[in-house]
Amino acid sequence: MEIKLEQLGYCYQKNSPFEKRALLDVNVSFDSGSYSAIIGHTGSGKSTLLQHLNALLMPTEGKITVGDREIVAGVKQKKLRDLRKKVGIVFQFPEAQLFEETVEKDICFGPMNFGVSEEDAKLRAKKVIYEVGLTEEILSRSPFELSGGQMRRVAIAGVLAMDPEVLVLDEPTAGLDPHGREEIMEMFYNLHKEKGLTTVLVTHSMEDAARYAEKIVLMKAGTVLKIGSPREIFAKPDELVDLGLSVPDVVRFQGLFERKFNVKLTKTCLTIAELTAEMAPYLAKGGA
């Protein structure tokens, strides 16, 4: 499912003394089946933008098109349930939203709220619990008896049970250790490939943006500053640092190597294998 934002703008508490501009003239598209990342410093508008993708927020200017559904600023919208079934959002610390007596009931809540029968919802719960790396026996347990990592997977299963076509991830690994973060990100990537999802990742992790995204949207102060492939975005690391962002370790090490040997490698490397191959000729002859 394709998503397109055209001249999108948003103000909190518009036409009040407390009006605050959050988004201005945002133009970006996410192709069907693509994996994109949105990066930017805190307050750049990333989370506000993502809440427009399933109409949790409505634009105050411009429009957004999700599949065949068009949402135009100032036009009253009907039947947003259909849109919200198609666009699933995993927020930061999604486990905080768990509330039911059992894992099964928690996973079934979303689908049943959108009209799925209890029987079908339970079948979905059995399916998605395996997709998030857990087993069926956990369905009868209280979510509050689980570990933090298991609770997060259960919360994610609740989103997947809606059978979305678009998956929006808002810092989905916040608070996890490096191993847990890698496991969750690999799980999302596998789901993206297996289900043909359109995936949009909001992240502060430049490593994740470089590793998984086909396209990166760089935001600053509510506007889109730059759109490009990971190689294009990280080709000028100093610009990102000036914005208060980090760069992937491989990119940082490449910069150190280029300065030390006064050389310019032929491309911006995103993996250790790429960087090793690029450095090899210089190391073989002891420097440039």
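The backbone N, Cα and C atoms fix where each Cβ goes, glycine too.
As annotated by Swiss-Prot, domain 'ABC transporter' applies to 3-246.
Secondary structure from DSSP puts G43 (ATP binding site) in coil. Annotation for G43 (ATP binding site): spatial neighbours A221, criterion Cβ-Cβ under 8 Å with sequence separation of six or more. Look at Swiss-Prot and you will find G40, H41, T42, G43, S44, G45, K46, S47 tagged as ATP binding site, backed by sequence analysis.
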- Item | Under 8 Å by Cβ from H41 (ATP binding site), counting only residues of that chain that are 6 or more apart | K220, L243, G244, L245
- Counting other CB atoms within 10 Å of each candidate's CB, the least crowded of the binding-site residues T42, S44, S47 is T42
- Query: When you measure from the Cβ of G45 (ATP binding site), how many other Cβ atoms are you left with inside 10 Å?
  - Reply: 22
